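To keep things clear, I will list the structure first and then write my remarks on it.
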Amino acid sequence: MASRLLRGAGALAAQALRARGPSGAAAVRSMASGGGVPTDEEQATGLEREIMLAAKKGLDPYNVLAPKGASGTREDPNLVPSISNKRIVGCICEEDNTSVVWFWLHKGEAQRCPRCGAHYKLVPQQLAH
């Protein structure tokens, strides 16, 4: 039994020695011709690349990310972007609620959800293209 373990360890040691170059330093093996596996930033193209570069700058040009939630008070309403003067908004009201309360939000002052009282305000938005 011990001889099998020693033979296995010897084979591993020989394999490790073969992996070293002539100078004794470990030989570096790359998986791709360019020096390794490319990162997501190096491999992305087109729209995906634009979104990744904008995200590094803290921008969200195509509204891919979830909107930042506010406290929903009159002083700090939830901001709803829109390209028109009105937009329909859905409020869940409570975390475990199974229905959505839909209401129209118009440009101007902040408006309240009819059920829970959370405030929403319509803000103008420019299209990315």
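Backbone N, Cα and C atoms are what each Cβ position is placed from, and that goes for glycine too.
Because the structure is a prediction, the values reported are computed rather than measured.
Swiss-Prot has this to say about the protein:
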type: BINDING; residues: CYS91, CYS93, CYS113, CYS116; note: Zn(2+) binding site
type: MOD_RES; residues: LYS68; note: N6-acetyllysine
type: MOD_RES; residues: LYS86; note: N6-acetyllysine
type: MOD_RES; residues: LYS121; note: N6-acetyllysine
type: TRANSIT; residues: 1-31; note: transit peptide
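Cα-Cα distance from LYS68 (N6-acetyllysine) to CYS91 (Zn(2+) binding site): 15 Å (rounded to the nearest whole number). For the recorded Zn(2+) site, residues CYS91, CYS93, CYS113, CYS116 set the reference point as the centre of their Cβ atoms, and the other residues of that chain within 8 Å of it by Cβ are ILE92, GLU94, VAL101, PRO114, ARG115, GLY117, ALA118.
If you draw a 10 Å sphere around the CB of CYS113 (Zn(2+) binding site), it holds 20 other CB atoms from the protein chains shown. LYS86 (N6-acetyllysine) counts 12 other C-beta atoms within 10 Å of its own C-beta, drawing on all protein chains shown. Taking Cβ-Cβ distances under 8 Å and a sequence gap of 6 or more within the same chain, the neighbours of CYS93 (Zn(2+) binding site) are VAL101, CYS113, ARG115, CYS116, ALA118. For the binding-site residues CYS91, CYS116, the largest tally of other C-beta atoms within 10 A is found at CYS91. For the modified residues shown (LYS68, LYS121), fewest C-beta neighbours within 10 angstroms: LYS68. LYS121 (N6-acetyllysine) sits 10 Å from LYS86 (N6-acetyllysine), counting Cα to Cα. DSSP assigns LYS68 (N6-acetyllysine) to coil in the three-state reduction, placing it in neither a helix nor a strand.
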